[in-house]
Amino acid sequence: MISTKEKNKIPKDSMTLLPCFYFVELPIVASSIVSLYFLELTDLFKPAKVGFQCYDRTLSMPYVETNEELIPLLMLLSLAFAAPAASIMVAEGMLYCLQSRLWGRAGGPAGAEGSINAGGCNFNSFLRRTVRFVGVHVFGLCATALVTDVIQLATGYHTPFFLTVCKPNYTLLGTSCEVNPYITQDICSGHDIHAILSARKTFPSQHATLSAFAAVYVSMYFNSVISDTTKLLKPILVFAFAIAAGVCGLTQITQYRSHPVDVYAGFLIGAGIAAYLACHAVGNFQAPPAEKPAAPAPAKDALRALTQRGHDSVYQQNKSVSTDELGPPGRLEGAPRPVAREKTSLGSLKRASVDVDLLAPRSPMAKENMVTFSHTLPRASAPSLDDPARRHMTIHVPLDASRSKQLISEWKQKSLEGRGLGLPDDASPGHLRAPAEPMAEEEEEEEDEEEEEEEEEEEDEGPAPPSLYPTVQARPGLGPRVILPPRAGPPPLVHIPEEGAQTGAGLSPKSGAGVRAKWLMMAEKSGAAVANPPRLLQVIAMSKAPGAPGPKAAETASSSSASSDSSQYRSPSDRDSASIVTIDAHAPHHPVVHLSAGGAPWEWKAAGGGAKAEADGGYELGDLARGFRGGAKPPGVSPGSSVSDVDQEEPRFGAVATVNLATGEGLPPLGAADGALGPGSRESTLRRHAGGLGLAEREAEAEAEGYFRKMQARRFPD
């Protein structure tokens, strides 16, 4: 019984099934049958007359009457048609039952075909397959018979019993056979005209062609439909039909109905027709492939396209626009995302552009605090690279005041411990590192040594791997570079000067500690020092200290730093304020400083610093540090100290000013500003407030400037 699921299965509709059957297949088969009638049962078409030899013994074999043959023609047609057709019907019926009960209509060894509605009738798979396979078999039989008859009529070769039924009258020739042995005239005197006509059609043997076609066709059907698990069933059926075909052909030889060559040729013709029809007419008896719906074209991702469009617009912007925010506002409040930077060759270490934007978390009702350092002056040893993707990077920096206190205290303790180690003459400041996880003092010393080794390897191998938090390293002779070590997680980011990288000859790992110790001692002796110079100038001063005063060192200098406090440790008025300081050196000859202050402007030295740097043949970033004038500095402040928190009293939104370091244009009026960390301050936050300049401040600044010049004179005595 057919399951309910299959009964309720909706069949497909076909508009071409019945028209193709009625107007194509049936007319072809009918025309073949009609043609066979005229060729076999009538004398309408006469075979060609071919000459023979006088008294040819190969044509004088005994004649066997048609009714006395072992396999007469009618029996041959019935066997060649009935046996294969019956076998196909039985096999299809069994297959349909097995598919319905065991596998269902969607499975089965021979494939599955669903029902089709055509002309208001439902045709199941059994009916459709049976009609198709049996119909092709009938058409093949007719085609084989037609081909055989046409060849026989065209050739007109004689059968072995031709002279027996012809009974030639040699006296009608007028000459003897000795003179002319080959006879082309019709001198037959026999009374059985039908026998004489049949004796002229022997090549190829009709029994051989029809039997071979039936055997090959049904054997291919068995091989395709019957599974190999049936063991001997399939070989038995195949061999049975092959033997039957062979017997039909051989009987024609034994009864002198055909020559052996006629039988062999008939076998080849019948087998060829069967193989062609089985492969191309019925598709090797397999179910036609189901029509799969065309897969819809993948819809274009609008969000992805919009994101890519935004990235393209940012990366293709003008190189001088370094204060643009590269990340969407919604992503500034989330977890930090990694910055992708592709690894390039050794030339990328000397690239002419580094632009790192450090963005603090967006505060409510205020803009984000951003400090940007940009330097794209061309290098003398390498061409300038204008890849916008390398110029713009956005790093989200979450800060924690408690973590900042701990890191500052650890750094000061290490600086005090390094006082007893001595100060080499060629000592240089260290690099700025962004710690991402708490470490003990012993672990930090080990990491410093490992970082020094890594820096030496990176100079030979290639650029540093990308990461979220940058590391600014001041390398003697090559200028500072930005390294992004792979740090995981969103811990706070505080820039603290540490041990110097051993990048040049004659430098020791302890030189940085000695330099910081001497700075602290000098600051303590100064008494009343300038209060809190900005963190910006500290970074520039440190990056300037180890570099050469020549144009090449000035052109290769670049650094980045940012510090900001968490919004939960600040008052509402402080959280609403914003500050953006940008040093943009995209211009080919003069660097430009963009200043955004919320009411209390930064105070810069007059244009003498820039003019001096220009006169020396290059732009010295250290001049910017020497040109800064700030408020009162408490005791213990050193040029390398971290940034401290002070109260911020600017309006909520500030204006943006542009200062040309080379010409001094656009300099704001002299005022007060603050920056570096004092002993009593522990939070690393960039703050600014107005204040006056005192005599003690200028003396401390003059002493620091003298020390810087003295250090440079010692490093470069020539």
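Just so it is clear, glycine is given a Cβ too, placed from its N, Cα and C backbone atoms.
Here the structure is a predicted model, which means the values were calculated and not measured.
Record features (Swiss-Prot):
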- 18-38: transmembrane segment (TRANSMEM)
- 70-90: transmembrane segment (TRANSMEM)
- 133-153: transmembrane segment (TRANSMEM)
- N169: N-linked glycosylation site (CARBOHYD)
- 207-227: transmembrane segment (TRANSMEM)
- 233-253: transmembrane segment (TRANSMEM)
- 263-283: transmembrane segment (TRANSMEM)
- 313-347: region 'Disordered' (REGION)
- N318: N-linked glycosylation site (CARBOHYD)
- S322: phosphoserine (MOD_RES)
- S353: phosphoserine (MOD_RES)
- 416-488: region 'Disordered' (REGION)
- S428: phosphoserine (MOD_RES)
- S508: phosphoserine (MOD_RES)
- 545-577: region 'Disordered' (REGION)
- 545-571: compositional bias 'Low complexity' (COMPBIAS)
- S641: phosphoserine (MOD_RES)
- 664-702: region 'Disordered' (REGION)
- 664-680: compositional bias 'Low complexity' (COMPBIAS)
*Where does N169 (N-linked glycosylation site) sit by DSSP, helix, strand or coil?*
coil
*Beyond the flanks of the transmembrane segment (233-253) by at least 6 residues, Cβ under 8 Å*: 69-71, 76, 79, 83-84, 87, 205, 207-208, 210-212, 214-216, 218-219, 222-223, 226, 259-260, 262-263, 266-267, 270
*Contact yes or no, the transmembrane segment (207-227) and the transmembrane segment (70-90), 3+ Cβ pairs under 8 Å, gap 6+*: yes
*Same-chain Cβ contacts of the transmembrane segment (263-283) under 8 Å, 6 or more residues past its ends?*
132-133, 136, 139-140, 143-144, 147-148, 151, 203-217, 220-221, 245, 249-250, 252-253
*asked:* Under 8 Å between C-beta atoms and at least six residues away from its ends: which parts of the chain pack against the transmembrane segment (18-38)?
replied: 44-45, 118-119, 131, 135, 138-139, 142-143, 145-146, 149
